[in-house]
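Read through the structure below, which is laid out as structure tokens, and then see the notes.
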């Protein structure tokens, strides 16, 4: 469950956005899109691990890819790591997207916002392999931080929106869905909470899976840092790290 | 001879290493990583009379060499702990120390009375030092008379020895320690977290939803060492030490300060295997120091090698 994984590549692909490829035997345990790893970037410096979702799993090559935004102390330190360096990885952790919710010939809508986009890549890959038709909607703040548009386009129709209109359609992912009247059997989403809330409200009677983000301590369910409420209860809860991070819409209070 | 075995009131420990309360849940998560029977004991998550959801999120924030938490004593309530968590833990050969919390003396007493009857609960840890709840917790841990009164009340109903968990958020921790010792405490556990805070530079708002939280991790280790050093010279009951322990060397340092056993907290979040690793490393460190038995380390920092508390 824990390994010093070797960095194969660590390159910038958009403003502050990095694509990290890791090699190690832990990859053989990675199966489900939407799962994450908990990474200790260095022995000195930040104390806690960083939860980072899996973007691509390549079991033949024993490699996985993670896309992260260099934002705080930990991820900035990570962005300075070079091929050949190692990072301490715990995982894979959490419950990912249910690929079995769909069968061949059905339609999936994948919606990602910002740094919530990466886990949808492995999901799209696995769905397409299964014969599911995927449509992808990616939302970003601005043109500078757009990534993976072409790679998603190889799996299905891909739309991009930016909040400031500097690339693709101006507006939010929900604007794209309305404008193109996109329909689906199952919707999968990962991104900021307002986006997830908007999607859950938009499609209250459909099959919607949402991946949540929350500040974590342990990443394995022991510390109770990342809990969220369950509807209609004062004390019931789910832990984002170990019950999620993917939940069905309505399962937890957003 | 088991050179790590330690005898404390109510506790025959195969080694002096136990996960600290609130950092290990009720053990289920860590049982996926290793056999919990290797542990000296387990301090389970604080238990109150009724279930509690705790504080809103964010509940954690990183700090230099530490972290702040404001979980707020989230737990399923004493009856569910007794009926679900403790029976599950009974499959392991490990004594349980039950952390007891409450908002009133009556609540502490009722939780203590019920949970001390569970067969695998070998001791209680009286939580008078949680900084993250509005009522109870630390309110009982900063005035010696109040802490003593609560200790007496809990001692009266408890079927097992009572350890009192001291808060570092006081001006005179020795006075607190003496007060609970005189009130009948069988041991002390120390230290709980230090009250702290972080503010987001971009938003100018506190990072924790609760605004303040408890600081833990290596950052507080020197404070814990100093306080154990002072308290262990002032009382004659044993101390289970905690506060930023990450390695077998840290354990020795706590023993030298005056601890008779130790608990590992925040380090579990960084490395789930930290407790078994420390247990594995301890004999090697004792060899390097030419010490036969871990108990010989207790108080060496101030007593020139005389054994202070070696149990019965």
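Yeah, the Cβs are placed from backbone N, Cα and C, and that goes for glycine too.
Unlike curated entries, TrEMBL annotations are predicted automatically.
Over in TrEMBL, the protein carries these features:
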ACT_SITE  B:130  active site, nucleophile
BINDING   B:21, B:45, B:46, B:99, B:127, B:165, B:191, B:217, B:243, B:244, B:265, B:266  FMN binding site
BINDING   B:45, B:69, B:70, B:71, B:72, B:73, B:127, B:192, B:193  substrate binding site
DOMAIN    B:4-286  domain 'Dihydroorotate dehydrogenase catalytic'
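On the structure: features taken from TrEMBL.
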| residue | record | DSSP class |
| --- | --- | --- |
| B:21 | FMN binding site | coil |
| B:46 | FMN binding site | strand |
| B:70 | substrate binding site | coil |
| B:127 | FMN binding site | strand |
| B:191 | FMN binding site | coil |
| B:243 | FMN binding site | coil |
| B:265 | FMN binding site | coil |
Rounded inter-Cα distance in Å - residue B:45 (substrate binding site), residue B:21 (FMN binding site):
5
Based on the record's binding annotation for FMN (B:21, B:45, B:46, B:99, B:127, B:165, B:191, B:217, B:243, B:244, B:265, B:266), what whole-number value in Å is the widest Cα to Cα distance?
20
Would you list, in sequence order, the recorded positions among B:21, B:127, B:130, B:191 whose CA lies within 10 Å of the CA of residue B:72 (substrate binding site)?
B:130
Mind computing the max CA-CA distance among B:45, B:69, B:70, B:71, B:72, B:73, B:127, B:192, B:193, which the record assigns to substrate binding, rounded to whole Å?
16
Have a look at the recorded positions B:70, B:130, B:193 and say which one has the shortest Cα distance to residue B:46 (FMN binding site).
B:130
Nearest of the binding-site residues (B:21, B:191, B:193, B:265) to residue B:130 (active site, nucleophile) - Cα to Cα:
B:193
Alpha-carbon distance [residue B:70 (substrate binding site); residue B:191 (FMN binding site)] in Å:
16
Considering Cα atoms only, can you say which of B:21, B:127, B:243, B:265 is the nearest neighbour of residue B:193 (substrate binding site) among these binding-site residues?
B:243
